[in-house]
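Novice: Swiss-Prot feature annotations, pasted as is:
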{"type": "BINDING", "residues": "Arg47", "note": "O2 binding site"}
{"type": "BINDING", "residues": "His51, Glu57, His96", "note": "Fe cation 1 binding site"}
{"type": "BINDING", "residues": "Glu57, Arg100, Glu110", "note": "substrate binding site"}
{"type": "BINDING", "residues": "Cys125, Cys128, Cys162, Cys165", "note": "Fe cation 2 binding site"}
Amino acid sequence: MSKTLQSFNLLKWIDENKELLKPPVNNKVIWQDSEFIAMILGGPNRRRDFHVDPSDEFFYQIKGECYVECITEEGKREVVTVKEGDVFMLPAMVPHSPHRVANTYGLVIERKRSQGELEDFVWFCDECNHEMHRVRVQLSDIEKQVKEAIHSFNSNKEIRACKNCGHIMPEEVEEWKCE
């Protein structure tokens, strides 16, 4: 199989493909035939899950700011602001929730998963930080599977109810507001 050896203008690609960047995740993979997952993500996204990826993730913020909410080893939430033009390398296995506001774009690169390599999508209570729900997947289609996991959580009131404090997370996710 021959691969195309050609560059292209990424900003033009983003402009021509904006309609593909839809909530909740707003992601579009650029190349299907690579050993990397290279995708453009736009804002505003509508997600509150924390992704636990077995590989590092490279963030390059093209326009605006991205807020990567991370869970530290001590269990605390910490927000990393990735400003326009900045890069950020997120280490493997750090639970993180990338938040994008309107009219922002970024590039995220991570490696494709090996057969049998699993990763998690985790939801924590907004009130007490208790783990509410966890989905473990063999990731093969990042555009499809992340949306399915988010939809499954949002549409099920039982798993949106915290068993620790009783808080019920709303079905609809509002745009991120950095506090």
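Cβ atoms here come from the backbone N, Cα and C positions, even for glycine.
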Novice: What are the non-local neighbours of Glu110 (substrate binding site), defined as same-chain residues 6+ apart in sequence with CB under 8 A from its CB?
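Specialist: Those within reach of Glu110 (substrate binding site), by Cβ under 8 Å and sequence separation of 6 or more, are Phe36, Ile37, Asp53, Ser55, Asp56, Glu57, Phe58.
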Novice: Counting other CB atoms within 10 A of each CB, which of the binding-site residues Arg47, His96 comes out lowest?
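Specialist: Lowest Cβ count within 10 Å among the binding-site residues (Arg47, His96) is His96.
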Novice: Distance check, please: Cα of the residue listed as 'O2 binding site' against Cα of Cys165 (Fe cation 2 binding site), rounded to an integer number of angstrom.
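Specialist: Here the two Cα atoms are 21 Å apart.
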Novice: Which of these binding-site residues is closest to Arg100 (substrate binding site) if you go by CA atoms: His51, Cys125, Cys162, Cys165?
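Specialist: Given the candidates His51, Cys125, Cys162, Cys165, the nearest one is His51.
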Novice: Excluding near sequence neighbours, so keeping only residues 6 or more apart in the same chain, what lies with its CB under 8 A of His51 (Fe cation 1 binding site)?
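Specialist: Set apart from His51 (Fe cation 1 binding site) by at least 6 residues yet with Cβ under 8 Å, we have Pro95, His96, Ser97, Pro98, Glu119, Asp120, Phe121, Val146.
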Novice: Look up Cys125 (Fe cation 2 binding site) in the DSSP assignment and report helix, strand or coil.
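Specialist: Note: Cys125 (Fe cation 2 binding site) is coil by DSSP, not helix or strand.
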